[in-house]
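Visitor: Mind having a look at this structure? Questions to follow.
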Amino acid sequence: MAVLSVLLPITFLLSSVTGTPVTSPRQQSCNTVDEGYQCFSGVSHLWGQYSPYFSVDDESSLSEDVPDHCQVTFAQVLSRHGARYPTKSKSEKYAKLIKAVQHNATSFSGKYAFLKSYNYSLGADDLTPFGENQLVDSGIKFYQRYEELAKNVVPFIRASGSDRVIASGEKFIEGFQKAKLGDSKSKRGQPAPIVNVVITETEGFNNTLDHSLCTAFENSTTGDDAEDKFTAVFTPSIVERLEKDLPGTTLSSKEVVYLMDMCSFDTIALTRDGSRLSPFCALFTQEEWAQYDYLQSVSKYYGYGGGNPLGPAQGIGFANELIARLTKSPVKDHTTTNTTLDSNPATFPLNATLYADFSHDNTMTSVFFALGLYNTTEPLSQTSVQSTEETNGYSSARTVPFGARAYVEMMQCTDEKEPLVRVLVNDRVIPLQGCDADEYGRCKRDDFVEGLSFVTSGGNWGECFA
């Protein structure tokens, strides 16, 4: 586990970012099962996909509660893995950058003092202990939300084949089972859930939880180009300030972003509960964090979402699997589904009522856009920051943070013959598109499926190999 060689007082760190003192999270409950990570929210909710999960239920006028006259009959969670160390390639770049700063800077004063003796010791790729705890909490929350179903059944669980994703599924199970065993009304004698299916991430293998098949998409630079464009907009003034404050250093725009990345990665590695904020965070202003957060949204939107012509197509396979589960009918798909797995009841049952799938932020972004959840989001500006109000709720921090979870629930109500479907992303009800959503954001199941014509037709998947 990574160890930070210098820890600054929490109140100093946040006051450097926001200008106001902050109560130590050790004195308050700021990381909970229900609300997720609310510690240092003035900055931690601005880390894009590197933010730990936080509930955004209050960002919708629609209640996330199940109406009293309705009963949930089906629930599916699609989850991102928990907080992790940087990827191996990024970890090497971060270490190299910090070493260069330490070698070249002739002065380390004020908020930069910690850099002089900072020891880079972050791991790579795997979950941090904090990330493991996130998924335990996620399992507890899933059980509690769908208790009437969960107390009597065992969920069917799949994971994409990277170690951190599999481990996330296992930690989710730990939390789910902990909640179930603590429920006096739960059915006794049932086996504990297991990760029933692990889908390999070997290149060329069909996997609805991890993209890799679409040649044209994998070769696309649309996301990188958009990211570079906005990076060039907001980083020059930061480069100028940092080079002045750290005399002797020469930094690129990309390296500024790397230093900002360290704020999140260092924080989630310091403690199991996220109660210490990394001193890297104080190196940047509140406005700069808003710009950084928007950069991550631009990157995801143009890399894997609606801003990439083939982005939503990468989510078609999972969306067709979801339709099969909702309708209890065989999967109909010719994109990323694995026919061998999906035609076998042992590896793709259609009679379950609880499902959990574990994936990555990129593929989840594609799934959300394949389902049309953010069809009302206009193309993101690549030159100026847009608020989440302007993007109709879309941002990478609010959709695919570490430990993100989307719930697809089907309910039977006394005033409706047909079951109703709705989707919540990190607790925010997303009014369904392509069908006549009611005041709860729900659509009749058949109308929901009919509205997914992009998915059921295979969309523009054929362009992958043109």
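Glycine too: its Cβ is placed from the backbone N, Cα and C atoms.
Reproduced below are the annotations present in Swiss-Prot:
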SIGNAL    1-19  signal peptide
DISULFID  Cys30-Cys39  disulfide bond
BINDING   Gln49, Tyr50, Arg80, His81, Arg84, Thr87, Arg164, Lys300, His360, Asp361  1D-myo-inositol hexakisphosphate binding site
DISULFID  Cys70-Cys413  disulfide bond
ACT_SITE  His81  active site, nucleophile
CARBOHYD  Asn104  N-linked glycosylation site
CARBOHYD  Asn119  N-linked glycosylation site
CARBOHYD  Asn206  N-linked glycosylation site
DISULFID  Cys214-Cys464  disulfide bond
CARBOHYD  Asn219  N-linked glycosylation site
DISULFID  Cys263-Cys281  disulfide bond
CARBOHYD  Asn338  N-linked glycosylation site
CARBOHYD  Asn351  N-linked glycosylation site
CARBOHYD  Asn375  N-linked glycosylation site
DISULFID  Cys435-Cys443  disulfide bond
Visitor: Including all protein chains shown, what's the count of other C-beta atoms within 10 A of the C-beta of Cys281 (disulfide bond)?
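Guide: I count 26 other Cβ atoms within 10 Å of it.
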Visitor: Cα-Cα, whole number of Å: Cys464 (disulfide bond) versus Arg80 (1D-myo-inositol hexakisphosphate binding site)?
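Guide: That comes out at 25 Å between the alpha carbons.
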Visitor: Taking the Cβ of Asn119 (N-linked glycosylation site) as the centre, how many other Cβ atoms fall within a 10 Å radius?
Guide: 10
Visitor: Closest of the recorded positions to Cys39 (disulfide bond), Cα to Cα, picking from His81, Arg164, Cys263, Cys435, Cys443?
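Guide: The smallest Cα gap between Cys39 (disulfide bond) and any of the recorded positions is with Cys263.
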Visitor: Between the recorded positions Arg80, His81, Arg84, Arg164, His360, where is the Cβ count within 10 Å the lowest?
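Guide: Among the recorded positions Arg80, His81, Arg84, Arg164, His360, the lowest count of other Cβ atoms within 10 Å belongs to His360.
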Visitor: So, three-state DSSP: helix, strand or coil for Cys443 (disulfide bond)?
Guide: strand
Visitor: State the three-class DSSP label for Arg80 (1D-myo-inositol hexakisphosphate binding site), counting H, G and I as helix, E and B as strand, and everything else as coil.
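Guide: Looking at the DSSP assignment, Arg80 (1D-myo-inositol hexakisphosphate binding site) belongs to a strand.
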Visitor: Checking the contact step here: among the recorded positions Asn119, Asn375, Cys413, Cys435, which have a Cα within 10 Å of the Cα of Asn351 (N-linked glycosylation site)?
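Guide: Those near Asn351 (N-linked glycosylation site) - Cα within 10 Å - do not exist; the answer is none.
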Visitor: Which of these disulfide-bonded residues has the least crowded Cβ, counting other Cβ atoms within 10 Å: Cys30, Cys214, Cys413, Cys435, Cys443?
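Guide: Each of the disulfide-bonded residues Cys30, Cys214, Cys413, Cys435, Cys443 was scored; lowest Cβ tally within 10 Å is Cys413.
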Visitor: Show which residues of the chain containing Cys263 (disulfide bond), separated from it by at least 6 in sequence, have their CB under 8 Å from its CB.
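Guide: Residues satisfying the criterion: Val43, Trp47, Ser278, Phe280, Cys281, Leu283, Phe284.
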Visitor: Measuring Cα to Cα, how far is the residue listed as 'active site, nucleophile' from Asn375 (N-linked glycosylation site) in Å?
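Guide: With the alpha carbons as reference points, the distance is 25 Å.
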